[in-house]
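Visitor: Right, I'll just put the structure down here and ask away after.
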Amino acid sequence: MLRSGALALLKHLKQGGAGGEQALARLPQVLAEYPWSHDGWFSAYDHAAIRRGHQVYTQVCAACHSVNQIHFRDLVGVAYTEEEAKAMAAEIEMEDGPNDEGETYMRPGRLSDPLPRPYANEEAARFANGGAYPPDLSLITKARHDGQNYVFSLLLGYREPPAGVSVREGLYYNPYFPGGAIAMPKMLVDDGTEYEDGTPATESQQAKDVTTFLAWAAEPEADDRKLMGVKWILVLSLVYLTAAYYKRWKWSPIKSRRVIVDVVN
């Protein structure tokens, strides 16, 4: 039934000529399922990939997008040492205050500060991007359906629009974006990021690493939660075995008891 309905819809759209072709081209592309190494119950994030992903975010994405919910201290022990995180934070000038005179002032960043925002407010962001608002990426892998596969596919999905499909000036064709037209241009190119560890910065490698970083940013506690789950499974297994043995020991005399009634007439 569903298949016949889908075939009928496709036939109807094709009969519509150019309008039907444009409608088909603007349907969201089906997302592929990629084998993310940290998705398993007993797997953890690749911390080297998180570090590389943060480098991609800093060098490519941070010019337009923020990650407000991540602080420099969150990177300690995950992607950087405490000294490295302090040095990165100190490179940023943060507004603070008020001081004793009631005025704000600029100071070097600290571990307790969030990663810097590219714009002071939403209005400034829209003005700088032709009316489009670059979303905060803290929860982007949770805010979009099949988030990790969506982000990865979107970053690699830029291409020329198919025949019969027009995209207005200032937008770019990407079949993975709803409607097929997105205001963000293609940002990832080969060797577009300088990796500290010498990993070849191919376009797909950068997309994978920054997606891993954003997945971690959405759930920094994921590894700790999985570890706690393993501990609970072990503890509850021991409790179950102990309770089962005690129940068998406690009730076996009662269940195996034989009662003989001698009726005397």
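From the backbone N, Cα and C atoms, a Cβ is placed for every residue, glycine too.
Automatic prediction, not curation, is the source of TrEMBL annotations.
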Visitor: Determine which of MET106, MET184 appears in TrEMBL for the same heme c site as CYS61, CYS64, HIS65.
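Guide: According to TrEMBL, the candidate sharing the heme c site with CYS61, CYS64, HIS65 is MET184.
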Visitor: Show which residues of the chain containing CYS64 (heme c binding site), separated from it by at least 6 in sequence, have their CB under 8 Å from its CB.
Guide: PRO118, ALA125, ASN129, PRO134, MET184
Visitor: Compute the mean position of the Cβ atoms of CYS61, CYS64, HIS65, MET184, which form the recorded heme c site, and then list in sequence order the other residues of that chain whose Cβ is within 8 Å of it.
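Guide: Apart from CYS61, CYS64, HIS65, MET184, the close residues are VAL60, ALA62, ALA63, PRO134, LEU137, MET187.
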Visitor: With DSSP assignments reduced to helix, strand and coil, which class does CYS64 (heme c binding site) get?
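Guide: Looking at the DSSP assignment, CYS64 (heme c binding site) belongs to neither helix nor strand, so coil.
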Visitor: Residue counts in helix (H, G, I), strand (E, B) and coil for the domain 'Cytochrome c' (48-155), per DSSP?
Guide: 47 helix, 12 strand, 49 coil
Visitor: Compute the average pLDDT of the predicted model within the domain 'Cytochrome c' (48-155).
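Guide: So the average pLDDT across the domain 'Cytochrome c' (48-155) works out to 94.
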